[in-house]
Amino acid sequence: SMEIDCIGTGLDVECVVNTSDDSSQLTEKESRQSEMAAKDYVRKVLEFGVLISPFFFWGTAMVAMKEVLTRAGPFFVASFRLIPAGILLVGFAVSTGRKLPSGFNAWLSISAFALVDAAFFQGFLTEGLERTSAGLGSVIIDSQPLTVAILASLFFGESIGYTGIIGLVLGVLGLLLLEVPALKFDADNFSLWGSGEWWMLLAAQSMAVGTVMVRWVSKYSDPVMATGWHMVIGGVPLLAISYLNNDPALSNFGNLSTGDAAALLYTSIFGSAVSYGVFFYNATRGGLTKLSSLTFLTPMFASAFGFICLGETFTALQLAGA
C-alpha cells in the first residue's frame with residue numbers, strides 16, 4: 001500500500017509517495033518460511049541418516065570382523081558382538097524408563113528371538129565369513145529381504161505386487177550367480193558345508209525370520225529392551241561354543257593388538273547395539289518389506305570398504321549377480 005501527500009500552490013502541485021512497511025513485513029515472513037524449510041530439510045536428512053545408519057554399520061562391521069576373525073576365533077567374535085552390545089542396549093533402555101520384560105510370553109518370545117536372530121544368525125555369519133570375503137558375504141547375507149517379503153506377505157498380508165514378484169525373481173537369479181560358482185563341486189567329495197556362501201545364505205534366512213518375529217516379540221516387550229536382552233541371551237551359547245572350540249581370544253586375549261580390540265568394540269557397539277536398536281525399533285513402526293529392502297545398502301558399504309581396506313574384489317560373474 002502507498003500514501004500520497006500533495007501540496008498545491010496555485011497551478012503547481014508537488015506530490016510525495018510514501019510506501020508502507022508491508023514489504024519489510026513480507027521479507028520477514030519469507031525469511032521465517034525459509035528458516036522453517038531449512039530446519040525441515042535438516043530434520044529429514046537426519047531422519048534418513050538414522051534410517052540407513054544400521055546398514056552402514058553392518059556393512060563396515062563385516063569388514064572389521066573379517067580382519068580380526070582368525071586371530072580371535074569365529075565364535076568369540078560372534079559372542080563379543082552380542083553380549084557387550086546387549087548389556088549396553090538394556091542399560092540404555094532402563095535409563096530411558098523403558099519397562100523390563102515380564103511374564104512367560106515376554107521371555108518366551110525373547111528367548112525364541114534370541115535363538116534365531118542372535119545365536120543362529122551370528123554363528124552362521126562368522127562361520128561363513130571365515131570362508132568368503134566380507135563384500136561377497138554381505139551381498140548374500142543381505143538377500144534376506146527376499147525371504148522377508150514372502151513371510152510378511154504370508155503372515156501380515158503385506159502386498160508384493162507384480163513389480164515386487166519380478167524383483168524377487170531377479171534377486172534369486174542374482175543369488176544363483178553369486179553362490180553357485182563359489183560352491184565346491186567335486187565328483188568324489190562335494191562339500192556344501194565347506195562353502196562360506198552356504199553359511200551366509202543360512203545366516204540370511206535366520207535374520208529374515210528374526211525380522212518377522214520382532215512384531216510378535218514387541219507385543220509383549222518394549223522393542224529396544226527386547227533387542228538388548230535377545231543379544232545377551234543369544235550370545236551366551238556362542239560364548240560356550242567358543243570356550244569348547246578353544247578360540248584363541250579366550251586363551252590369549254592379551255595378544256590381540258590395539259587394532260583388533262578397536263575392531264571388536266566397533267563391531268559390538270556400532271555393528272550391534274546401535275544398529276540393531278535402530279533397525280528393530282523401525283521394524284515395529286513401518287512396513288517390513290520396505291524397511292528390509294534397505295538392507296541392500298549393506299553390501300554396498302561392505303564391498304566398498306572391503307575393497308579399500310582388504311583389497312577384496314568380485315569375479316565378473318559375481319559382479320553381475322551382485
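Cβ coordinates come from backbone N, Cα and C, glycine included.
Note that TrEMBL annotation is computational and uncurated.
What TrEMBL records for this protein:
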type	residues	note
DOMAIN	51-178	domain 'EamA'
DOMAIN	195-322	domain 'EamA'
TRANSMEM	45-63	transmembrane segment
TRANSMEM	75-94	transmembrane segment
TRANSMEM	106-125	transmembrane segment
TRANSMEM	146-178	transmembrane segment
TRANSMEM	198-217	transmembrane segment
TRANSMEM	224-244	transmembrane segment
TRANSMEM	264-284	transmembrane segment
TRANSMEM	296-320	transmembrane segment
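Count of Cβ pairs under 8 Å against the transmembrane segment (45-63): among 75-94, 146-178, 296-320, the largest is for 296-320. Sequence-remote contacts of a segment are chain residues at least 6 beyond its ends whose Cβ falls under 8 Å from one of its Cβ atoms, and for the transmembrane segment (106-125) they are 75, 78-79, 81-82, 137, 141, 199-200, 202-203, 206-207, 209-211, 213-214, 216-217, 219-221, 226, 229-235, 237-238, 241.
Taken together, the residues in the domain 'EamA' (51-178) have a mean pLDDT of 84 on the 0 to 100 scale. Most Cβ pairs under 8 A with the transmembrane segment (75-94) among the ranges 198-217, 224-244, 296-320 are made by 224-244. Helix, strand and coil content of the domain 'EamA' (51-178), in residues and according to DSSP, is 111 helix, 0 strand, 17 coil.
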